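These notes concern the structure reproduced below.
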Amino acid sequence: MNERFKTALSHRLFWPVAVLVVMLAANTIYRPGFLAVEVNNGHLYGTPIDILRLSAPLILVALGMTLVISTGGIDLSVGSICAISGAIACLHISQAADQNNPVTVFTALAMALGAALALGAWNGVLVSVIGIQPIIATLILMVAGRGLAQLVTEGQIITINSGPYRAIGLGHFLTLPLAIFIALGAALLVAALTRRTALGMIIESVGGNREASRLAGIRSGRMVFLVYVVSAVCAAIAGFMMTANVSSADGNNAGLWVELDAILAVVIGGTSLAGGRFYLSGTILGALIIQTLTTTVYAMNISPQTALLFKAVVVIAVCLIQAPAFRARLARRRRGNPPPSAPTPQRQKEEVTA
Amino acid sequence: MRNMRMSLAPRRAVAALAAVLLAGSVAACGNSDTGASGGGDDKIVLGFSQVGAESGWRTANTNSIKEAAAEAGIELKFDDAQQKQENQIKAIRNYIQQKVDVIGFSPVVESGWDTVLKEAKDAGIPVILTDRAVDSADKSLYKTFLGSDFVKEGRLSGEWLVENSKDATGDVNIVELQGTTGSAPANDRKKGFAEAIAADPKLKVIASQSGDFTRAGGKQVMEQFLKAHPKIDVLFAHNDDMGLGALEAITAAGKEPGKDITIITIDAVKDGMQALADGKFNFIAECSPLLGPQLMELAKKVHAGEEVPPRIETEETTFTQEQAKAALPDRKY
């Protein structure tokens, strides 16, 4: 029993799960009905469902971000891509005679996805072909993309009234929000492609050492290009969800700062920012933690002035508790005899075990 | 060969980037030069620097100023600062060099204007602020500040609620959706509303959270309010967009907005007015962007050297559902 507990404790997902459970427990103590789920209009209705639905876009963006970070890069442009794709889709639908026509909605989605592919390719070319540092390369689109989104919407909020489009954000399937299934489907697809084939390991090896991977016969540049395109497509789908959720496209605010939340989700999930190994399940858990944190602020009615501080404290706690170096130091202090020159666990680039 | 290509590629990229940036700045300069011909003739020349085009409200504001200038026979030099202070300072310096008669601008941020305003004052060009204030200690740097009184908007909303819940028995539970934390409209509207509802002890704000002035934010917060508080009678949102987002959350909770929950918002943009006319909102206090005519009148006055009060409020009104139905057909924004 003790042995089994130790195995669980050393599992890399133990601490994120513990944090999530603690947050949910604290909420339940504050308001016993927090976890209650009831049936309303034939759908499940309750705070846990809200958390799942609202974290769906973040999960999508963070999935793409995980792959990008795994190659040692970073994609700051995802928030702008969310705004652009949502704006293009909503603009096309708003101009149609019949907004409920599935063909119109399908065309709108195809157009927006096409734009996202182009933007992702732009990022990919800047990083892999031209060789600009990822943080700079994607910063261009992060800033310019907001302008592009506003250009599409002409600075207005485009309100639409389209049943099929709305369903992406608010529809239901088997009593659960459709958005959850879309995010889950994307996660399973990415997991299958990276973990059931050699693709995942190739991405990790590029992140571990790009030049060595190239010498080993991997087309490193092509892999790097690919992850930025995937990231842009994930962001575009997330953009559909965000805009469908409120049936309107706001070029200024849709997906604002989502890139930072996504990076945080990836880090909480255990993927190193230096690249190398990546953990999809950890990322999903990270996204759930971030959304639960936001919902907690509203549910506990923490005043907006202190909410940011509260979030910061929790995030710092999560990151510290996640770090093996910090836990080791804490454990030594508890034992009371700090060894003078104990080797601190280094965790820069994680090695890839084949 | 390969090596050469590798070393050339980044340089080529930098050149391309520089070209793009250059094109952008040239285009930006072009913006501020529209209208040409400096002062000199007897037509008043007004140089105006706008914040940007970040919302429908702002676009309506810009159109109002352009239309009013044409109507009043004032030559307008218009510049869009794209939400950057340095662009605005550049535009104001341009106006000073061109010796315009009056300078007007909506400051992007509150601080950092003293130097450029002093330059305008030394050049003898009067300055009018619109919509947003600056925090300069020296009030002589500008002639007047024309804009909405956010506290009053909050107070009008609160007073309407006090008037309409006279007959209520028992507590009236209010939830509040605040604007972006720390922003002037959010602080002032909250303050005005709180002052007004203090008149009636039945009215209680049971929860208040920031929805960041966005639909998505308003919706997400309202979803949690509805779950945490079984009895919500009134929603007060600091702008229409948050109220519109909250509508969806209320419907999803199986309640009827406008009937089960009374909804009060501020701004009166078109989508908000539509919701009010449809009976989903109950009351909107206007925050009007149509200050063009007032601005032109002021420009003429300060140009003629007349004294103007240092603070002028935009002409604004409030809307009930019936008034919204009447006003909606010729709503400009």
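Yeah, the Cβs are placed from backbone N, Cα and C, and that goes for glycine too.
What TrEMBL annotates here:
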type     : residues  : note
REGION   : A:332-354 : region 'Disordered'
TRANSMEM : A:12-31   : transmembrane segment
TRANSMEM : A:51-69   : transmembrane segment
TRANSMEM : A:76-97   : transmembrane segment
TRANSMEM : A:103-122 : transmembrane segment
TRANSMEM : A:129-149 : transmembrane segment
TRANSMEM : A:169-193 : transmembrane segment
TRANSMEM : A:223-242 : transmembrane segment
TRANSMEM : A:254-271 : transmembrane segment
TRANSMEM : A:278-300 : transmembrane segment
TRANSMEM : A:306-326 : transmembrane segment
Suppose I define contact as three or more CB-CB distances under 8 A, residues 6 or more apart in sequence; do the transmembrane segment (A:169-193) and the transmembrane segment (A:12-31) meet it?
no
Checking distant contacts: for the transmembrane segment (A:51-69), what same-chain residues at least six beyond its ends satisfy Cβ-Cβ under 8 A?
75, 78, 82, 134, 176-177, 179-180, 182-183, 186-187, 190, 194, 203, 207, 227-228, 230-235, 237-239, 241-242, 255, 258-259, 261-263, 265-266, 269, 271-273, 275, 278-280, 283-284, 286-288, 290-292, 294-295
Report the listed stretch (A:12-31, A:103-122, A:129-149) having the maximum count of Cβ pairs within less than 8 Å of the transmembrane segment (A:223-242).
A:103-122
Contacting positions for the transmembrane segment (A:103-122) when only residues 6+ beyond its ends and CB under 8 Å are counted:
77, 81, 84-86, 88-90, 92-93, 96, 141, 145, 162, 164-165, 225, 228-233, 235-237, 239-240
